[in-house]
Amino acid sequence: MSLKLHNTLGNKKEEFIPIHEGKAGVYGCGPTVYDYAHIGNLRTYVFQDILVKTLRFLGYDVTHVMNITDVGHLTDDEDSGEDKMVKSAEERGKSVLEIAEFYTKAFFNDTERLNIERPGIVCKATEHINEMIELIKRIEANGHTYMAGGNLYYDISTFPKYGELANINLEDLKAGARIEIDKNKRNPHDFVLWFTKSKFENQALVWDSPWGRGYPGWHIECSAMSMKYLGEQIDIHKGGIDHIRVHHTNEIAQSEGATGKKWVNYWLHNEFLVMNKGKMSKSAGSFIILEDVINKGFSALDYRFLLLGGHYRSQLTFSWEAMETAKNGRKNLNNRVAKWLDGLSDSEIMEYAALTENLNLKSAKDMIKNEKARSCFDNFIAAMEDDLSTPKALSELQLLIKEKDIPQKDVLTVLAAMDSILGIKLIEESFNTLKDKGSIEIDESEILKLIEERASAKLDKNYKLADEIRDKLKGMGIILEDQAGKTTWKKL
């Protein structure tokens, strides 16, 4: 099987075929750092992390780029409202740069606790103004812009494909326009590439440009920075569904308006995290941050586990009851995994934990010898290759740890491979469970059943299976002694 992803552009599942064989260029919209990320925002970054981990595990050389918006994002995506950074700075009595630095650190503190791998390239908008200006010049040279009221606008009527991503056309946009009117715009859905002081007198960060001293519109930064680090055509662009209608639609128009080439091959979007009152929203004041979750007695990994239980393209309802279920589910999972660790030395356990960082599809297949273990592993990979189906993948994980006749080393190798993608620190957290309990309680009936199965295997001269059962019991902390045709057991 091969990796298939649901492409928003075309609204169908497609086989992933990279531009350059064996490589994957991935761009994701990062946070606007004017406040803490709420847990709905963080769902996007867990999804992006799962995507990147899956690509890497499948053997792709991934270049992962994410922006940090620290200038130019208004409270409404359609160029209206206040500047989010300026508003936050004024409310808190800080400078815009102080606000950006504080909330950028807070964001990465949250992602670290969620075991989200930091993208290889993190780029700030304020550090790429020259790239934005140069890209705007190309867009202007191709006849897609006009000046009005001191600002440079993108004229969407010059780009016939406008709205294709969101499956809307220009006539629908005109008929359904319900946004704040900007009298400078020829079309309500035209958007600003470069603001001057005509928009905000109090803008804290401004730069010289061919169109006057000012600052960039929000959309241009993603086009400019993705092209700098990934080239003019990229494999995958990811983000939340709230970006489809405006931000990502505008990114396509300006990128392809500059280059004349298709910009992104695969668009991936995750659904909202919702509460009983609707979607989580900072502007509406209805949001929860990760610190709130932790202060309620949950861990960040409990929240990650909750997210894995839902497909990224399905809405997921958040509640404290759901968090309690996720917490108990992860606890039970760790207890079961800990049973497979019992009997190993600390160094042996840490070797398996280290495998999580080092395995890929090929190396894992080479290491997994047992047929049942291989089957669980293959089914897990099939689930992830089917548009990142984490609910199905978790089901395969649960089936694996319930098996009783797979050698310990194969189970732990498969667990390490699975966790290379899931990122819930299975072996490390289960090791902590083992240390906290001193030893895992052993089900005596299970031991006796395995001893009987081993005896039957020996009678059938299936010595390989008999040895595997002995090894499994040893992994559970049980030593067998064969004397005078009778087998006894004791704890290590």
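Heads up, the Cβ atoms here are built off N, Cα and C, so glycines get one too.
Features as listed in Swiss-Prot:
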BINDING   Cys29, Cys222, His247, Glu251  Zn(2+) binding site
MOTIF     31-41  motif ''HIGH' region'
MOTIF     279-283  motif ''KMSKS' region'
BINDING   Lys282  ATP binding site
Should one count Cβ atoms within 10 Å of each candidate's Cβ, the binding-site residues Cys29, Cys222 would be headed by Cys222
Beyond a gap of at least 6 residues from its ends, the CB atoms lying under 8 Å from the motif ''HIGH' region' (31-41) belong to 68-70, 73, 84-85, 87-88, 99-100, 103-104, 106-107, 110, 240, 272-274, 279-282, 287-291, 293, 303, 318
A correct count of other C-beta atoms within 10 Å of the C-beta of Glu251 (Zn(2+) binding site) gives 25
The DSSP breakdown of the motif ''HIGH' region' (31-41) into helix, strand and coil residues is 3 helix, 2 strand, 6 coil
Same-chain shell around Zn(2+) excluding Cys29, Cys222, His247, Glu251, C-beta within 8 angstroms of the CB centroid, reads Trp218, His219, Glu221, Ser223, His237, Gly239, His243, His248, Asn250
His247 (Zn(2+) binding site), Cβ-centred 10 Å count of other Cβ atoms over all protein chains shown, is 19
